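Straight from TrEMBL, the features:
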DOMAIN    A:13-229  domain 'Radical SAM core'
BINDING   A:CYS27, A:CYS31, A:CYS34  [4Fe-4S] cluster binding site
Amino acid sequence: MAKAGSEPRLDGGGNPVWLLLELTYQCPLQCAFCSNPRQFADYRQNELSTAEWIDAMSQARALGAMQIGFSGGEPTLRKDLEILVAEADRLGYYTNLITSGIGLTEARLHALKDAGLRHIQLGFQSTDRDVARQLAGVDCWERKLAIARSIKALDFPMVLNVPITRQNIGQVPDIIDFAAELGVEYLELANVQYYNWALLNRDQLMPTREELERAEAAVREARIRLGDRLTLFFVIPDYHEGRPKACMNGWGAIHLTIAPNGDVLPCSQATNFKHLEFPNLRRQRLEAIWHDSPVFKLYRGDAWMPEPCRSCSEKETDFGGCRCQALLLTGSGHEADPACSKSPHHALVRQAVQQAQRARLVDAPLIPRHASQGIGP
Amino acid sequence: MSAHAITPHDRFEIRPPFLFRWEDSQQAHVLLYPEGIVKLNETGGDILQLCDGKNTVGQIIKQLSQRYCAADETTISNGVLNFLEVSHGKGWIRTTA
């Protein structure tokens, strides 16, 4: 869900402007690039109730949040989704649904429209059925095409979100044509970011620089050809770029994520910090969590920064990159993001790129997101 | 994009999926859209508020000249036309018949 650098540079004045609700980690798909925690099954018995979610939305709105994302897992598995959307709309949020589409029906789309839902982001794997099945772990291709058409038939503004991997990068021109034909407003070709399941499958998922360059050329050509009809986002892959992403616009700056169990997180990957005790909505008010909790203050601002970040001229542009990536690759969240070429740990990223190229020769199968694989490293 | 020049007779409205409204916590008008937010400055907010599909550009200029007690309507006119052109280019507004 983290969108490198695509967030507006909007000053929340020290308050959150973006609220992401991960309503459930349950999902009918088993995507090999899923960013949910590997222990997703542990959350199932402990999901917040309808009333608790409504209270969370209300508290965040009072703090200043304006955008709300209903995400997961697959958020449509929550039977109370329509109730939550209606309440969010009533509170004054701009409502976004982030879904695989599996679980949506025309009847539910109508109900969501009536509830005030303003936008749907549909995850899509490929225009090639076999590739789509390989990435999603299940065969849901036709279902997805049908629901994509239903969403447009109901005139919802729509983002088609395609996580880009080695498996589907060759289909980028076809995917662009498909999006244009479907009439979506935005196509987001989001190079997979390597956390949780995607990190587990990194060697098998990562495309080569040449493949990325070809895809980028196709995007440039399509932008000229399609003009206003379709806005194309190509989210830069930080592993190849040498520059870190401005992750979440900085830790605890404008983003607030709430996990299915009520844990309040600066970003949905923050649970990778196993030693941190995350504040929970069931025990504390959101305002106190946002302003005063040790977790939110941990990397807020730039006082935490080591060199080379501390004296870097780009520190207000990229905020030192991603804290979770620093943790996962170097073992410490306090380091500069190794995706940055100035990081003393940048070799880790270069090695990962080379390792993924070697792994191509072996072509090991993808590990699907599945509870049986949910043992942390 | 080739856009023909805006005339005083044109009418504009907010273009979906953009949502224009006052936001108390920002003390400003904002435009909300899928995954994004634009915070408007005071004059930008005043102009877009009048883009209701009914006011002509000429009427918007008149109303704002009165509101700002402008001695010279030309300055207001240039400002409004410029802002509308930018807003149109960004896809925030569209013309109505």
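Glycine is no exception: its Cβ is also placed from the backbone N, Cα and C atoms.
On the structure: features taken from TrEMBL.
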{"residue": "A:CYS27", "record": "[4Fe-4S] cluster binding site", "Cβ within 10 Å": "24"}
{"residue": "A:CYS31", "record": "[4Fe-4S] cluster binding site", "Cβ within 10 Å": "23"}
{"residue": "A:CYS34", "record": "[4Fe-4S] cluster binding site", "Cβ within 10 Å": "25"}
Cβ-centroid neighbourhood (8 Å) of the [4Fe-4S] cluster site, A:CYS27, A:CYS31, A:CYS34 excluded: A:LEU29, A:GLN30, A:PHE33, A:ASN36, A:GLY73, A:SER100, A:ALA136, A:GLY137, A:TRP197, A:ARG369
